[in-house]
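Have a look at the structure below, then the notes.
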Amino acid sequence: MKQAVIVDCIRTPMGRSKGGVFRNVRAETLSAELMKALLLRNPGVDPNTIEDVIWGCVQQTLEQGFNIARNASLLAGVPKTAGAVTVNRLCGSSMEALHQASRAIMTGMGDTFIIGGVEHMGHVPMNHGVDFHPGLAANVAKASGMMGLTAEMLGKLHGISREMQDQFAVRSHQRAHAASIEGRFANEIYAIEGHDANGALIKVDYDEVIRPETTLESLAGLRPVFDPANGTVTAGTSSALSDGAAAMLVMEEEKARALGLTIRARVRSMAVAGCDAAIMGYGPVPATQKALARAGLSIQDMDVIELNEAFAAQSLPCVKDLGLMDVVEDKVNLNGGAIALGHPLGCSGARISTTLINLMEHKDATLGLATMCIGLGQGIATVFERV
(Lines of atoms letter the chains of each structure in order from A and count residues from 1; the text may use other names and numbers.)
(Lines give C-alpha, C1' and ligand atoms only; values in the text may rest on other atoms or scores of the structure.)
Protein backbone atom coordinates (compact mmCIF):
# COMPACT_ATOMS: atom_id res chain seq x y z
CA MET A 1 0.00 0.00 0.00
CA LYS A 2 1.20 3.49 -0.79
CA GLN A 3 2.04 5.87 2.07
CA ALA A 4 0.61 9.34 2.68
CA VAL A 5 3.04 11.95 3.99
CA ILE A 6 2.87 15.55 5.13
CA VAL A 7 5.20 17.77 3.13
CA ASP A 8 4.12 21.06 4.67
CA CYS A 9 1.61 22.36 7.20
CA ILE A 10 0.69 25.89 8.23
CA ARG A 11 -2.08 27.84 9.90
CA THR A 12 -3.32 31.37 10.20
CA PRO A 13 -3.05 33.19 13.49
CA MET A 14 -6.14 32.63 15.62
CA GLY A 15 -8.25 35.78 15.66
CA ARG A 16 -10.82 36.68 18.29
CA SER A 17 -14.31 36.20 16.88
CA LYS A 18 -15.84 39.26 18.51
CA GLY A 19 -14.30 42.37 16.94
CA GLY A 20 -10.98 40.64 16.32
CA VAL A 21 -8.21 41.13 13.78
CA PHE A 22 -10.07 39.16 11.12
CA ARG A 23 -13.41 40.94 11.52
CA ASN A 24 -13.04 42.36 8.00
CA VAL A 25 -11.46 39.25 6.46
CA ARG A 26 -13.66 36.60 4.91
CA ALA A 27 -13.37 32.86 5.46
CA GLU A 28 -12.52 32.30 1.79
CA THR A 29 -9.60 34.71 2.13
CA LEU A 30 -8.25 32.97 5.23
CA SER A 31 -8.40 29.71 3.28
CA ALA A 32 -7.01 31.01 0.00
CA GLU A 33 -4.03 32.67 1.66
CA LEU A 34 -2.92 29.33 3.06
CA MET A 35 -3.48 27.48 -0.21
CA LYS A 36 -1.34 30.05 -2.01
CA ALA A 37 1.29 29.87 0.71
CA LEU A 38 1.65 26.09 0.45
CA LEU A 39 2.42 26.40 -3.26
CA LEU A 40 4.79 29.33 -2.77
CA ARG A 41 6.66 27.53 0.00
CA ASN A 42 7.01 24.36 -2.09
CA PRO A 43 8.10 25.39 -5.60
CA GLY A 44 9.17 21.82 -6.35
CA VAL A 45 5.51 20.79 -6.44
CA ASP A 46 3.79 21.34 -9.79
CA PRO A 47 0.37 22.85 -8.98
CA ASN A 48 -1.03 21.10 -12.06
CA THR A 49 -0.53 17.74 -10.32
CA ILE A 50 -2.93 18.58 -7.48
CA GLU A 51 -5.68 15.98 -7.50
CA ASP A 52 -8.08 17.63 -5.09
CA VAL A 53 -8.48 20.34 -2.49
CA ILE A 54 -10.32 18.86 0.50
CA TRP A 55 -11.44 21.51 2.97
CA GLY A 56 -13.27 21.17 6.27
CA CYS A 57 -15.99 23.61 7.30
CA VAL A 58 -18.95 23.14 9.62
CA GLN A 59 -21.27 26.07 8.96
CA GLN A 60 -21.48 25.84 5.18
CA THR A 61 -23.62 28.88 4.57
CA LEU A 62 -23.20 32.60 3.88
CA GLU A 63 -19.52 33.21 2.99
CA GLN A 64 -18.72 29.61 3.92
CA GLY A 65 -21.39 28.18 1.64
CA PHE A 66 -21.59 26.79 -1.90
CA ASN A 67 -18.44 24.68 -1.56
CA ILE A 68 -15.95 27.04 0.07
CA ALA A 69 -13.18 24.64 -0.93
CA ARG A 70 -13.73 25.48 -4.60
CA ASN A 71 -14.36 29.16 -3.97
CA ALA A 72 -11.14 29.50 -2.00
CA SER A 73 -9.06 27.42 -4.42
CA LEU A 74 -10.19 29.58 -7.34
CA LEU A 75 -9.43 32.67 -5.28
CA ALA A 76 -5.98 31.27 -4.54
CA GLY A 77 -5.18 30.55 -8.16
CA VAL A 78 -5.01 26.79 -7.73
CA PRO A 79 -5.20 25.33 -11.26
CA LYS A 80 -8.77 24.82 -12.40
CA THR A 81 -7.91 21.21 -13.22
CA ALA A 82 -7.75 20.40 -9.50
CA GLY A 83 -10.95 19.29 -7.85
CA ALA A 84 -12.24 20.80 -4.62
CA VAL A 85 -14.69 19.53 -2.04
CA THR A 86 -15.88 20.77 1.34
CA VAL A 87 -16.33 18.13 4.03
CA ASN A 88 -18.20 18.26 7.32
CA ARG A 89 -17.57 16.03 10.30
CA LEU A 90 -18.33 18.93 12.62
CA CYS A 91 -15.30 19.59 14.88
CA GLY A 92 -13.29 16.89 13.11
CA SER A 93 -13.85 18.26 9.60
CA SER A 94 -10.29 19.16 8.63
CA MET A 95 -8.89 15.99 10.15
CA GLU A 96 -11.50 14.17 8.09
CA ALA A 97 -10.10 16.05 5.08
CA LEU A 98 -6.66 14.64 5.92
CA HIS A 99 -8.10 11.15 6.25
CA GLN A 100 -9.86 11.38 2.89
CA ALA A 101 -6.68 12.53 1.14
CA SER A 102 -4.63 9.84 2.88
CA ARG A 103 -7.05 7.09 1.87
CA ALA A 104 -7.00 8.33 -1.72
CA ILE A 105 -3.21 8.24 -1.77
CA MET A 106 -3.08 4.80 -0.17
CA THR A 107 -5.43 3.41 -2.83
CA GLY A 108 -3.76 5.10 -5.79
CA MET A 109 -6.46 7.72 -6.37
CA GLY A 110 -4.11 10.69 -6.55
CA ASP A 111 -0.70 11.65 -5.23
CA THR A 112 -0.91 15.37 -4.38
CA PHE A 113 -3.58 17.01 -2.23
CA ILE A 114 -4.14 20.27 -0.42
CA ILE A 115 -6.23 19.71 2.69
CA GLY A 116 -7.31 21.87 5.59
CA GLY A 117 -10.23 23.75 6.97
CA VAL A 118 -11.65 27.03 8.13
CA GLU A 119 -14.26 28.54 10.38
CA HIS A 120 -15.00 32.23 10.74
CA MET A 121 -17.12 32.07 13.87
CA GLY A 122 -17.35 35.84 13.99
CA HIS A 123 -19.09 35.99 10.62
CA VAL A 124 -21.02 32.70 10.71
CA PRO A 125 -22.09 31.75 14.26
CA MET A 126 -21.86 28.12 15.33
CA ASN A 127 -25.63 27.66 15.58
CA HIS A 128 -26.60 29.71 12.52
CA GLY A 129 -29.67 28.18 10.88
CA VAL A 130 -29.45 24.89 12.78
CA ASP A 131 -32.83 23.12 12.88
CA PHE A 132 -32.76 19.66 14.44
CA HIS A 133 -35.39 17.15 13.37
CA PRO A 134 -38.09 16.93 16.08
CA GLY A 135 -37.99 13.14 15.87
CA LEU A 136 -34.36 13.12 16.98
CA ALA A 137 -35.62 13.51 20.55
CA ALA A 138 -36.83 9.90 20.48
CA ASN A 139 -33.21 8.72 20.44
CA VAL A 140 -31.12 11.65 21.64
CA ALA A 141 -31.78 14.09 24.47
CA LYS A 142 -32.12 17.71 23.42
CA ALA A 143 -29.23 18.58 25.72
CA SER A 144 -26.98 16.29 23.65
CA GLY A 145 -26.97 18.99 21.00
CA MET A 146 -25.74 21.54 23.53
CA MET A 147 -22.00 21.05 23.75
CA GLY A 148 -21.58 22.77 27.10
CA LEU A 149 -24.12 20.51 28.76
CA THR A 150 -22.43 17.41 27.37
CA ALA A 151 -19.20 18.64 28.93
CA GLU A 152 -21.01 19.09 32.25
CA MET A 153 -22.30 15.52 32.03
CA LEU A 154 -18.92 14.02 31.13
CA GLY A 155 -17.18 15.96 33.87
CA LYS A 156 -19.68 14.80 36.49
CA LEU A 157 -19.40 11.17 35.41
CA HIS A 158 -15.63 11.31 35.84
CA GLY A 159 -15.47 13.35 39.04
CA ILE A 160 -13.84 16.38 37.42
CA SER A 161 -14.02 19.27 39.88
CA ARG A 162 -14.28 22.97 39.14
CA GLU A 163 -10.76 23.41 40.53
CA MET A 164 -9.33 20.78 38.19
CA GLN A 165 -10.95 22.51 35.23
CA ASP A 166 -9.62 25.91 36.25
CA GLN A 167 -6.10 24.52 36.66
CA PHE A 168 -6.26 22.91 33.22
CA ALA A 169 -7.44 26.16 31.63
CA VAL A 170 -4.70 28.24 33.27
CA ARG A 171 -2.15 25.72 32.02
CA SER A 172 -3.47 26.09 28.48
CA HIS A 173 -3.08 29.87 28.49
CA GLN A 174 0.30 29.78 30.21
CA ARG A 175 1.73 27.24 27.79
CA ALA A 176 0.30 28.96 24.72
CA HIS A 177 1.67 32.31 25.89
CA ALA A 178 5.10 30.80 26.54
CA ALA A 179 5.08 29.16 23.11
CA SER A 180 4.16 32.48 21.55
CA ILE A 181 6.82 34.62 23.21
CA GLU A 182 9.50 31.94 22.79
CA GLY A 183 8.78 31.68 19.06
CA ARG A 184 7.56 28.09 19.09
CA PHE A 185 4.55 28.98 16.93
CA ALA A 186 6.64 30.89 14.38
CA ASN A 187 7.15 27.92 12.09
CA GLU A 188 3.46 27.07 11.90
CA ILE A 189 1.85 30.52 11.70
CA TYR A 190 1.60 32.06 8.25
CA ALA A 191 1.11 35.79 8.71
CA ILE A 192 -1.80 37.33 6.82
CA GLU A 193 -3.43 40.74 6.71
CA GLY A 194 -6.00 41.83 9.25
CA HIS A 195 -7.02 45.04 11.01
CA ASP A 196 -6.05 46.46 14.37
CA ALA A 197 -8.48 48.00 16.86
CA ASN A 198 -8.39 51.30 14.97
CA GLY A 199 -9.12 49.68 11.62
CA ALA A 200 -5.60 50.02 10.25
CA LEU A 201 -4.38 47.26 7.97
CA ILE A 202 -1.72 45.14 9.69
CA LYS A 203 0.18 41.92 9.08
CA VAL A 204 -1.03 39.51 11.76
CA ASP A 205 1.56 36.99 12.93
CA TYR A 206 0.34 36.25 16.46
CA ASP A 207 -2.59 34.50 18.12
CA GLU A 208 -4.97 37.15 19.38
CA VAL A 209 -7.02 34.93 21.68
CA ILE A 210 -4.39 33.89 24.22
CA ARG A 211 -5.00 35.50 27.62
CA PRO A 212 -1.68 35.44 29.50
CA GLU A 213 -3.27 37.28 32.42
CA THR A 214 -5.46 34.24 33.22
CA THR A 215 -5.06 33.02 36.80
CA LEU A 216 -6.81 30.58 39.10
CA GLU A 217 -8.19 33.57 40.97
CA SER A 218 -9.67 35.20 37.89
CA LEU A 219 -11.23 31.94 36.71
CA ALA A 220 -12.67 31.23 40.15
CA GLY A 221 -14.78 34.37 39.84
CA LEU A 222 -16.58 33.19 36.70
CA ARG A 223 -20.05 31.73 36.93
CA PRO A 224 -21.09 28.45 35.27
CA VAL A 225 -22.40 29.38 31.84
CA PHE A 226 -24.28 26.30 30.63
CA ASP A 227 -25.87 25.08 33.87
CA PRO A 228 -25.97 28.16 36.11
CA ALA A 229 -27.62 26.37 39.03
CA ASN A 230 -25.52 23.22 39.35
CA GLY A 231 -22.76 23.39 36.77
CA THR A 232 -19.00 23.80 36.88
CA VAL A 233 -18.14 24.66 33.26
CA THR A 234 -17.42 28.35 32.69
CA ALA A 235 -16.48 30.45 29.69
CA GLY A 236 -12.94 30.36 31.03
CA THR A 237 -12.73 26.57 30.91
CA SER A 238 -14.31 26.33 27.45
CA SER A 239 -12.56 26.70 24.10
CA ALA A 240 -12.40 30.30 22.97
CA LEU A 241 -14.44 31.53 20.01
CA SER A 242 -11.95 32.28 17.27
CA ASP A 243 -11.54 32.68 13.52
CA GLY A 244 -8.87 30.79 11.64
CA ALA A 245 -7.76 28.30 9.02
CA ALA A 246 -5.12 25.59 8.74
CA ALA A 247 -3.73 23.72 5.74
CA MET A 248 -1.47 20.81 4.80
CA LEU A 249 0.23 19.61 1.64
CA VAL A 250 -0.26 15.84 1.56
CA MET A 251 1.55 13.65 -0.95
CA GLU A 252 2.35 10.06 -1.81
CA GLU A 253 5.70 9.26 -0.19
CA GLU A 254 7.58 7.99 -3.24
CA LYS A 255 6.41 10.98 -5.29
CA ALA A 256 7.61 13.38 -2.60
CA ARG A 257 10.99 11.65 -2.40
CA ALA A 258 11.37 11.66 -6.19
CA LEU A 259 10.86 15.43 -6.16
CA GLY A 260 13.46 15.86 -3.43
CA LEU A 261 10.92 17.26 -0.98
CA THR A 262 11.38 17.20 2.77
CA ILE A 263 8.91 14.82 4.37
CA ARG A 264 7.79 16.16 7.72
CA ALA A 265 5.65 13.22 8.84
CA ARG A 266 3.94 10.08 7.63
CA VAL A 267 0.31 9.26 8.38
CA ARG A 268 0.77 6.03 10.32
CA SER A 269 -2.89 5.27 11.12
CA MET A 270 -6.33 6.86 11.29
CA ALA A 271 -9.66 6.18 12.98
CA VAL A 272 -13.07 7.56 13.76
CA ALA A 273 -15.44 6.27 16.42
CA GLY A 274 -18.85 7.02 17.86
CA CYS A 275 -19.99 7.40 21.45
CA ASP A 276 -23.13 8.49 23.27
CA ALA A 277 -24.08 11.97 22.11
CA ALA A 278 -24.73 12.93 25.74
CA ILE A 279 -21.00 12.60 26.40
CA MET A 280 -19.77 13.59 22.95
CA GLY A 281 -16.48 14.80 24.44
CA TYR A 282 -15.44 11.23 25.19
CA GLY A 283 -15.01 10.43 21.49
CA PRO A 284 -11.20 10.75 21.47
CA VAL A 285 -10.90 7.69 23.71
CA PRO A 286 -12.41 5.04 21.39
CA ALA A 287 -11.03 6.78 18.28
CA THR A 288 -7.52 6.77 19.73
CA GLN A 289 -7.80 3.16 20.82
CA LYS A 290 -8.76 2.15 17.27
CA ALA A 291 -6.01 4.21 15.64
CA LEU A 292 -3.36 2.80 17.97
CA ALA A 293 -4.53 -0.77 17.42
CA ARG A 294 -4.35 -0.30 13.65
CA ALA A 295 -0.78 0.92 13.97
CA GLY A 296 0.20 -1.87 16.36
CA LEU A 297 1.10 0.72 18.98
CA SER A 298 0.13 1.68 22.52
CA ILE A 299 -0.52 5.06 24.08
CA GLN A 300 2.84 4.72 25.85
CA ASP A 301 4.53 4.72 22.43
CA MET A 302 3.28 8.25 21.72
CA ASP A 303 5.98 10.86 22.31
CA VAL A 304 3.73 13.91 21.85
CA ILE A 305 -0.05 14.23 21.96
CA GLU A 306 -2.43 16.95 20.83
CA LEU A 307 -5.93 16.61 22.31
CA ASN A 308 -8.34 19.30 21.21
CA GLU A 309 -9.50 21.21 24.27
CA ALA A 310 -13.19 21.70 23.60
CA PHE A 311 -13.71 22.00 27.36
CA ALA A 312 -11.52 21.26 30.36
CA ALA A 313 -14.36 19.10 31.73
CA GLN A 314 -14.22 17.09 28.49
CA SER A 315 -10.45 16.91 28.04
CA LEU A 316 -9.62 15.65 31.53
CA PRO A 317 -11.79 12.49 31.34
CA CYS A 318 -10.11 11.64 28.03
CA VAL A 319 -6.66 12.21 29.52
CA LYS A 320 -7.64 9.98 32.46
CA ASP A 321 -9.09 7.10 30.47
CA LEU A 322 -6.28 7.14 27.91
CA GLY A 323 -3.85 6.64 30.79
CA LEU A 324 -2.13 9.99 30.39
CA MET A 325 -2.66 11.65 33.78
CA ASP A 326 0.93 10.99 34.87
CA VAL A 327 2.50 12.29 31.65
CA VAL A 328 0.36 15.33 30.86
CA GLU A 329 3.16 17.78 31.58
CA ASP A 330 5.61 15.87 29.39
CA LYS A 331 3.43 14.87 26.45
CA VAL A 332 0.00 16.50 26.20
CA ASN A 333 -0.76 19.90 24.63
CA LEU A 334 2.71 21.22 25.35
CA ASN A 335 1.97 24.52 23.61
CA GLY A 336 -1.46 24.93 25.16
CA GLY A 337 -4.67 24.13 23.37
CA ALA A 338 -8.05 25.33 22.22
CA ILE A 339 -8.97 26.85 25.58
CA ALA A 340 -6.25 29.42 24.87
CA LEU A 341 -6.12 29.37 21.06
CA GLY A 342 -9.77 28.81 20.27
CA HIS A 343 -11.60 26.14 18.32
CA PRO A 344 -12.62 27.41 14.86
CA LEU A 345 -14.63 24.30 14.15
CA GLY A 346 -13.65 23.39 10.59
CA CYS A 347 -10.04 24.44 11.15
CA SER A 348 -9.12 22.62 14.34
CA GLY A 349 -8.24 19.14 13.09
CA ALA A 350 -5.59 20.47 10.72
CA ARG A 351 -4.53 23.02 13.33
CA ILE A 352 -3.78 20.51 16.07
CA SER A 353 -2.06 18.23 13.54
CA THR A 354 0.12 21.13 12.38
CA THR A 355 1.00 22.03 15.97
CA LEU A 356 1.73 18.37 16.70
CA ILE A 357 4.13 17.97 13.76
CA ASN A 358 6.00 21.12 14.75
CA LEU A 359 6.24 19.89 18.34
CA MET A 360 7.52 16.51 17.16
CA GLU A 361 10.24 18.26 15.20
CA HIS A 362 11.09 20.55 18.11
CA LYS A 363 11.42 17.60 20.49
CA ASP A 364 12.97 15.26 17.91
CA ALA A 365 10.09 12.87 18.61
CA THR A 366 9.19 9.88 16.45
CA LEU A 367 5.50 9.23 17.10
CA GLY A 368 2.64 11.62 17.77
CA LEU A 369 -1.13 11.52 18.19
CA ALA A 370 -3.71 14.15 17.27
CA THR A 371 -7.25 13.50 18.45
CA MET A 372 -10.46 15.39 19.07
CA CYS A 373 -14.07 15.07 20.12
CA ILE A 374 -16.92 15.78 17.73
CA GLY A 375 -20.42 17.09 18.42
CA LEU A 376 -23.27 14.56 18.71
CA GLY A 377 -20.92 11.82 19.82
CA GLN A 378 -17.89 11.07 17.66
CA GLY A 379 -14.14 11.07 17.94
CA ILE A 380 -11.36 11.18 15.37
CA ALA A 381 -7.66 10.38 15.71
CA THR A 382 -4.50 10.31 13.62
CA VAL A 383 -1.14 8.78 14.47
CA PHE A 384 1.83 10.51 12.81
CA GLU A 385 5.37 9.21 12.44
CA ARG A 386 8.45 11.25 11.59
CA VAL A 387 10.61 9.69 8.91
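Think of each number as a place in line: the chain as shown, counted from 1.
Each Cβ is built from the backbone N, Cα and C atoms, and glycine gets one as well.
Here's what Swiss-Prot has on this protein:
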{"type": "ACT_SITE", "residues": "Cys91", "note": "active site, acyl-thioester intermediate"}
{"type": "ACT_SITE", "residues": "His343", "note": "active site, proton acceptor"}
{"type": "ACT_SITE", "residues": "Cys373", "note": "active site, proton acceptor"}
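Over all protein chains present, the Cβ of His343 (active site, proton acceptor) has 29 other Cβ atoms lying within 10 Å. Around Cys373 (active site, proton acceptor), taking its Cβ as the centre, 32 other Cβ atoms fall within 10 Å, counting all chains.
Take the CB of Cys91 (active site, acyl-thioester intermediate) and look out to 10 A: across all protein chains shown you find 33 other CB atoms. In the three-state DSSP reading, His343 (active site, proton acceptor) counts as coil.
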